[in-house]
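S.K.: Per Swiss-Prot, NADP(+) 1 binding site is recorded for 36, 37, 38, 39, 40, 41, 42, 43, 71, 151, 178. The D-glucose 6-phosphate binding site annotation in Swiss-Prot covers 178, 208, 209, 210, 211, 212, 246, 265, 356, 361, 392 and is backed by similarity to another entry. Annotated active site, proton acceptor per Swiss-Prot: 270, in sequence order, evidence recorded as similarity to another entry. The feature NADP(+) 2 binding site is assigned by Swiss-Prot to 353, 362, 366, 390, 398, 399, 400, 418, 419, 420, 484, 506.
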């Protein structure tokens with residue numbers, strides 16, 4: 001009875017309003033609610049990320065409790081059993097896995113059910129009462145491992161029944177996964193529906209690419225190293241490629257993928273976010289709003305995408321998937337040129353390339369510099385200088401440059417200065433993107449999350465092209481699985497000014 005009375009008393013005092021992050025306490029009871037807890041995203045990404053944060057000491061068992069919520073009617077132990085197989089295990093951490101799983105409680109309910117969310121709030125409040133026997137705040141983090149179609153109803157339920165009620169302070173935050181709409185209109189509609197219920201500082205639009213180690217390194221590389229500052233502009237850089245390649249197809253996700261295609265799935269969000277970090281001006285400080293302000297300026301400086309600077313492809317066999325329509329016009333491959341109309345980047349093509357069922361798996365940024373004027377060594381035919389940042393697999397960065405070939409003759413050869421993370425940082429475990437981003441959410445750091453005006457500007461760039469594709473005005477070119485993609489894409493790169501170094505392959509240093 002005492003616990004029940006205290007929960008009711010706590011509920012009588014509401015504290016939903018946003019306050020400056022610098023003044024919000026980050027200690028006290030923490031409730032992490034995984035909505036869609038029985039789904040693949042939660043099992044494969046969210047819960048493993050939470051476990052890794054727990055085992056590294058970022059989630060303290062005396063403060064945190066994790067709640068799974070979904071429509072599936074299962075018990076606490078059923079959910080724990082489903083999750084266990086996805087957590088890194090070995091004899092050395094069996095105990096940690098068991099301890100972590102005991103922090104998880106499951107609540108079943110629909111996503112528009114007042115009864116379900118009332119039960120969820122009761123479970124959270126009981127946890128908060130038990131943890132807050134001494135003075136402390138209560139923090140509620142809702143992670144949406146859900147399709148966007150249910151975001152509005154879930155947000156209404158949270159706002160009505162599950163907001164932080166502690167009279168000791170704290171916060172309520174929501175983490176929402178992409179896709180954030182299919183075009184400008186649907187994205188704005190979704191943003192408005194969520195924005196009516198939560199303030200912008202309470203909304204964390206997650207793009208897991210912003211949590212990758214070398215993506216997070218971009219601003220440090222650009223603004224903490226003196227020699228990059230005078231080179232990073234149109235006077236020295238000829239073109240920039242941002243590439244995402246997969247060597248497998250849709251693999252059972254054909255029906256889902258066909259609704260979106262490679263541009264919506266990869267280019268409009270992941271690769272565009274990388275482009276912003278590559279192209280933005282130096283922010284006033286490291287504060288999230290200063291960084292995001294500069295990213296928005298880049299997006300607002302972009303010119304409309306021209307059809308003649310776009311090549312689309314669809315791998316042969318894509319429509320063999322029974323969930324894909326026979327008349328599908330959805331691209332599984334795209335190469336396009338984006339152009340920024342500002343003083344730093346006028347005339348420099350940003351080449352975005354993404355595709356499935358290609359000949360390799362990698363993601364990288366390739367900055368190609370201009371030819372050396374007055375080439376007295378006649379070495380430009382060997383290739384241009386390039387700075388390459390390998391995002392995955394095997395994180396690395398290297399500078400491709402021309403040196404004298406060892407020997408008695410004055411001849412040149414291409415070589416590289418490189419930094420392989422696997423070699424340089426042996427024994428250092430590079431965190432998964434979801435670990436970083438969930439920790440950022442708990443800390444109230446929105447630097448690596450997408451702001452509403454940033455999202456709007458991104459959709460303004462791509463919506464006209466996407467509508468032309470949806471209407472069948474732009475057709476994908478068939479290409480063979482395991483190839484480089486359509487030959488027309490290589491022609492587009494050449495026309496944009498990219499000079500390929502034939503026969504040169506960077507070999508990562510061995511351990």
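Glycine residues also receive a Cβ, built from the backbone N, Cα and C atoms like all the rest.
Describe the structural context of these features.
M.R.: In the three-state DSSP scheme, residue 38 (NADP(+) 1 binding site) is classed as coil.
Annotation note: residue 246 (D-glucose 6-phosphate binding site) sits in a coil segment as assigned by DSSP. Within 10 Å of the Cβ of residue 246 (D-glucose 6-phosphate binding site) there are 19 other Cβ atoms, across all protein chains.
Residue 270 (active site, proton acceptor): 22 other CB atoms within 10 A of its CB, across all protein chains.
Residue 419 (NADP(+) 2 binding site) falls within a strand segment according to DSSP.
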S.K.: Counting across all protein chains present, how many other Cβ atoms fall within 10 Å of the Cβ of residue 353 (NADP(+) 2 binding site)?
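M.R.: So the number of other Cβ atoms within 10 Å of residue 353 (NADP(+) 2 binding site) is 25.
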S.K.: According to DSSP, collapsed to three classes, what secondary structure does residue 270 (active site, proton acceptor) have?
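M.R.: It is helical.
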S.K.: Please name which of the recorded positions listed here, 270, 353, 392, 400, is nearest in space to residue 36 (NADP(+) 1 binding site), Cα against Cα.
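M.R.: Answer for the nearest of the recorded positions: 270.
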S.K.: Any same-chain residues 6+ apart from residue 42 (NADP(+) 1 binding site) with CB under 8 Å of its CB? Would you list them in sequence order, or say none?
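M.R.: Expected: 34, 36, 68, 143, 145.
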S.K.: Out of 38, 209, 211, 246, 398, which of these binding-site residues is nearest residue 270 (active site, proton acceptor) by C-alpha distance?
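M.R.: Of all the candidates listed, 209 is nearest in space.
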S.K.: Measure from the Cα of residue 246 (D-glucose 6-phosphate binding site) to the Cα of every one of the binding-site residues 38, 398, 484, then give the nearest.
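M.R.: Among 38, 398, 484, 484.
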